Amino acid sequence: MNTSPDRVIIFDTTLRDGEQSPGAALNVDEKLTIARALARLGVDVIEAGFPHASPGDFDAVQKIAASVGSEADSPIICGLARTTQKDIKSAADALRPAAKPRIHTFLATSDIHLQYKLKKTRQEVLEIVPEMVAYAKSFVDDVEFSPEDAGRSDPDFLYQVLERAIAAGATTVNIPDTVGYTTPSEFGALIRGIKENVPNIDQAIISVHGHDDLGLAVANFLEAVKNGARQLECTINGIGERAGNASLEELVMALHVRRSYFNPFLGRPAESTEPLTKINTKEIYRTSRLVSNLTGMIVQPNKAIVGANAFAHESGIHQDGVLKHKLTYEIMDAESIGLTHNQIVLGKLSGRNAFRSRLQELGFELSETELNNAFIQFKEMADRKKEITDRDLEAIVNDEIDTVPDHFRLELVQVSCGNSARPTATVTIRTPDGSELSDAAIGTGPVDALCKAIDRVVKIPNELISFSVREVTEGIDALGEVTIRLRYEGRTYSAHAADTDIIVASARAYVSALNRLHVALQQKEKTPEMLQV
């Protein structure tokens, strides 16, 4: 195995660490959709989940291994496991369909974790790590070990742990900055120290994993690459626990745009034009939008690379410069991440074949049933909007691939409000037993009345903690996308919907979020003793 490749391995953990963002819970079908997108994007490794955490996670990892990772040229499919036999065996079982399975096992090494969380001594850790790495190695050839909270661990102890993990068969050793505490110079020095002080480090690839609590994750990773790290663990849009993880799109485009700077650190001539990663950068924007839509986590407008303002220029001086030559104020082409500027693409006279063709050009793969349903939505929208743009089509398709089971289905919504009238909403909802129930409510505003009317029918307790509206397209007939977040027993459930009528979009988003909560409650009844990770 080449443990010092002249390229950077991209390890995506959107489906594992990214899903730990509050409100980002995904069902199995949604995870499969994202996994397929990650494969198209060209990531080397997909961390599909934590198989022993719950039956749902096990099922997701197994299905991703079978449908996305079963071919010789598929990405490596990885499952997370603590350093216990039960965890590792669950990961091995879930990964069995994968052509290239990897078990990723971890144990904390910082004194604060040993004392307060694990209640273990350093000597116990030195004994557990090689034993469990060897156990994982008995199932798969590819084993990754992570010393959790490595950034706050004693370096000399860390070197000993890594040496034993590699001797036991670890092919990748991952260095996590678990709480986002280190600075770039410190993190670079940590990686350099590992290169210089772990005797058998040439037998493993050095990986890094980091959180963005101080906004330094990407900078830390780039410094790590300069000092010998060759695998970067990251997520789409930087989603993850607390302030999130290192952002895949920012890392990849930094290596892409500043290739001549990073080339020498990977043993290449500075002028080499060979890509530093296997990522198809033209898939970045579409993958970002997909993850945002399925998780319900909106990308802030000023987000680097994929934010709505990333290629926008307000200043007259900047606009003038860009019109004369893009490079005056843009360091990369928007098309390099797959962001096109197509406007009018279809209208109400467009047929099904034209609709299908445009979706294929945009990279969407729909089944016949999904295509038929999406085309019906397109025709309905075309009756209300004169011009249909790619963003409109994207909203239609994202609604169609929103795979939350339709236990409660919105059949009718009607709202009455005004400056001298009490907002009143009437809804009709088809319930899981097939009956249609109608009810009405008044509220402080139209959305409040709407949610109260829906609650009177659905009767699922919850707390609405976030309601937001943003425009999908421009103009007076623009689509409005509503994102709603509910909380129940400490967990958050998100959903979104788009429509030219934001009241209708609000109703659809609220019902969709309630459906997610309903599914979670059903699963909880079936598996009452879920493992908390």
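Cβ from N, Cα, C; glycine included.
Record check, Swiss-Prot: Mn(2+) site residues include Asp17, His209, His211, and the candidate from Asn237, Asn245, Asn263 also listed there is Asn245. The Cβ of His209 (Mn(2+) binding site) lies under 8 Å from the Cβ of Thr13, Asp17, Ser146, Asn174, Ile175, Pro176, Asp177, Thr178, Glu233, Asn245, Ala246, each of which sits 6+ residues away along the same chain. For Asn245 (Mn(2+) binding site), other Cβ atoms within 10 Å of its Cβ number 29. Take the CB of Asp17 (Mn(2+) binding site) and look out to 10 A: across all protein chains shown you find 23 other CB atoms.
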